[in-house]
Each structure stands twice: as structure tokens, then as C-alpha cells.
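Okay, so here's the structure we're looking at.
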Amino acid sequence: MGSTKFFVTLCVVPLLASSFCSAQLSATFYASTCPNLQTIVRNAMTGAVNGQPRLAASILRLFFHDCFVNGCDGSILLDDTATFTGEKNANPNRNSARGFEVIDTIKTRVEAACNATVSCADILALAARDGVVLLGGPSWTVPLGRRDARTASQSAANSQIPSPASSLATLISMFSAKGLSAGEMTALSGGHTIGFARCTTFRNRIYNDTNIDASFATTRRASCPASGGDATLAPLDGTQTRFDNNYYTNLVARRGLLHSDQELFNGGSQDALVRTYSTNGATFARDFAAAMVKMGNISPLTGRNGEIRRNCRVVN
């Protein structure tokens, strides 16, 4: 508690002087107020991922889609109501964002241990890390202290989350808008080493792109017809339940599933880094972990901004 008090004191003085305080997230934010938080999250994620490994990818994607829309503020978790439009039905999320029930389960357990203390935004940040670890990926220390948004933006979700059809220039630009470099974008794209994509997201790639391995295209066409079957799933990298560097090996072999994946290795600025990651899994793991921390620092609500939601699906 001492460190938390110390920070608050530091923060109040500038507030009086300039009505602005650049708040800092801290790995020990809940050390005294919810000491078992990380164990609760890890145990719940272990149960969820053991039951359905795909959930690790689903929750990693939720965190990405949360952070890219007005910062890592838990806004993606809010349900639509008659009087509130959330982000769940934005184009990048509709019929594809999943794992919300896992976050609900964790939130219920956390509330039982330390009620009205831990934000949904922080729970999502921890769950995303734990999912990666549980599938054999790197770990990292998650800075904490985010608060939950009382608002959401379907329009921002529609315009600020990169699409599977994005070009390399678009990807670099959209990540740059969030303070992330081209190299960090390439490392974070490696999250596609786990999970699945729907046929509708890669149909154009397997039927129309020319920078694709012919046998790979043929294999994917077998379960993704030129029309229909939109929801049919295909693994993003072939070792979809193991967090490894196979994603990059596939890119070098022109076996990226999404157009936006293969853009990272198509004669452009990221080719050298993709080659490095394809042969050096440790370098990828290190860079991915560092980029996840940086993405998790995008515009958090702190201090008295936002709230600590009691139910992740609705504002208090």
C-alpha cells in the first residue's frame, strides 16, 4: 500500500498545479489490495485453455482489439443495450470476438476475493498474458492500474483495428497511430501463431493472391469454398495450439493465411525481421513480450478516470 500511497501523493500535487497527471501503471498496483489476483487469473485461464486451447488466442485478440480502440480500457467487454452501443458488433468483432465468458468467470472470482478493486481492463491484460504462457509462449510482467471505460466506440472499432486485407503500408500506419513501430507491429502479428481465422477473412487470399504457395492454397480451398462457408475455421499457422515462431516460417514459405500476414514478407521493409524470427524463436519471444507491454500501455484510464466495473459487461 505504501507504494500506492506514494504515487497518489505525487499525482495530486501536479493536479492542483496544472489539472493534468500522467499516471503510471505499476506491476505492484494490487499488491496489498488484491494480493492473490495473479493466481486467481492464472488458475481460471488454466482451466479455460486446458478445456479449449483456442481461448488463449481469443483472449489475446480481445486485448488487442481493446487497446486499439481508445486505449486498454475494457471497452470491448461492454454489451450493447437499448441505450448503449458497444464495440462487440463492430465489423472486426461481430461473429468473431469471443472469450467474454472467461473474463466473466475471472471477474466473478476476483470480486469474491477483493470486491470493487480490480478493473476488467487489468483482468483482460493479465488473461492475455497467461493464455500465451499456457500455450508455451513467453511471459512478461504486466503493469497494472488501468481503470474501466464508461464509454465505447463502435465507429473507432470499425476504423482503427487493422483488417485482414490490410497492406503493409496500412499496417505500419495504423500501428504507428498507436505509438507502435513497424518492428513492434511485426512482432505483435506473431500472435497469429495461435488460434484460427474464419473463411471469410482469407477467402480472397487463397483464391486471388499470387504470392501464395500453391499447395497451401489448394489445401485451404478444400474447406473454404469460393462462396458460402464463411464461418469455417482454418488454423492461422498450423501449430495453432502452440505459441512458437512457426508463423514466420510459414510467411517465408508464402503460407501466410491472411493477406495482412503475408504482407509482412512480400519484398518490403519487414522481410529481414520476418526471416530473423523464422530462425530465432527466442528473439521473437523476447520482442513479442516487450511489444505486448508497450501495447498494454496505450492510453490507460488511471487515477479517478473511468471506474472499477462490478460486471465487465455493463457500466456501474
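Just so it is clear, glycine is given a Cβ too, placed from its N, Cα and C backbone atoms.
Annotation comment: TrEMBL describes 1-23 as signal peptide.
What TrEMBL lists as site 'Transition state stabilizer' is ARG61. Its Cβ placed at the centre, ARG61 (site 'Transition state stabilizer') has 24 other Cβ atoms within 10 Å.
Per TrEMBL, Ca(2+) 1 binding site is recorded for ASP66, VAL69, GLY71, ASP73, SER75, GLU87. The 10 Å shell around the Cβ of ASP73 (Ca(2+) 1 binding site) contains 28 further Cβ atoms across the protein chains shown.
Same-chain residues at least 6 positions away in sequence with a Cβ under 8 Å from that of ASP237 (Ca(2+) 2 binding site) are, in sequence order, HIS192, THR193, ILE194, ASN246, TYR247, ASN250, LEU257. Under the heading Ca(2+) 2 binding site, TrEMBL lists THR193, ASP237, THR239, ASP244.
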Within the chain of ASP66 (Ca(2+) 1 binding site), which residues six or more apart in sequence place their C-beta under 8 angstroms from its C-beta? CYS72, ASP73, GLY74, SER75, ILE76, LEU77, ALA121, LEU124
Nearest to THR239 (Ca(2+) 2 binding site) by Cα distance: which of the recorded positions ARG61, VAL69, GLY71, GLU87 is it? ARG61
Would you list the other residues of this chain near Ca(2+) 2 - those whose C-beta lies within 8 angstroms of the C-beta centroid of THR193, ASP237, THR239, ASP244 - in sequence order? ILE194, LEU236, GLY238, GLN240, ARG242, PHE243, ASN245, ASN246, TYR247
Nearest-integer angstrom distance between the alpha carbons (Cα) of ARG61 (site 'Transition state stabilizer') and VAL69 (Ca(2+) 1 binding site): 13
Cα separation, GLY71 (Ca(2+) 1 binding site) to ASP244 (Ca(2+) 2 binding site) (Å, whole number): 27
Please list residues from the chain of GLU87 (Ca(2+) 1 binding site) whose Cβ is under 8 angstroms from its Cβ, counting only those at least six apart in sequence. HIS65, VAL69, SER75, ILE76, LEU78, ASN93, ALA152, SER153, GLN154, ALA156, ALA157
Write out, in the order they occur in the sequence, the residues of the chain not among ASP66, VAL69, GLY71, ASP73, SER75, GLU87 that have a C-beta within 8 Å of the mean position of the C-beta atoms of the recorded Ca(2+) 1 site. HIS65, CYS67, PHE68, ASN70, CYS72, GLY74, ILE76, ALA149, ALA152, SER153, ALA156, ALA157
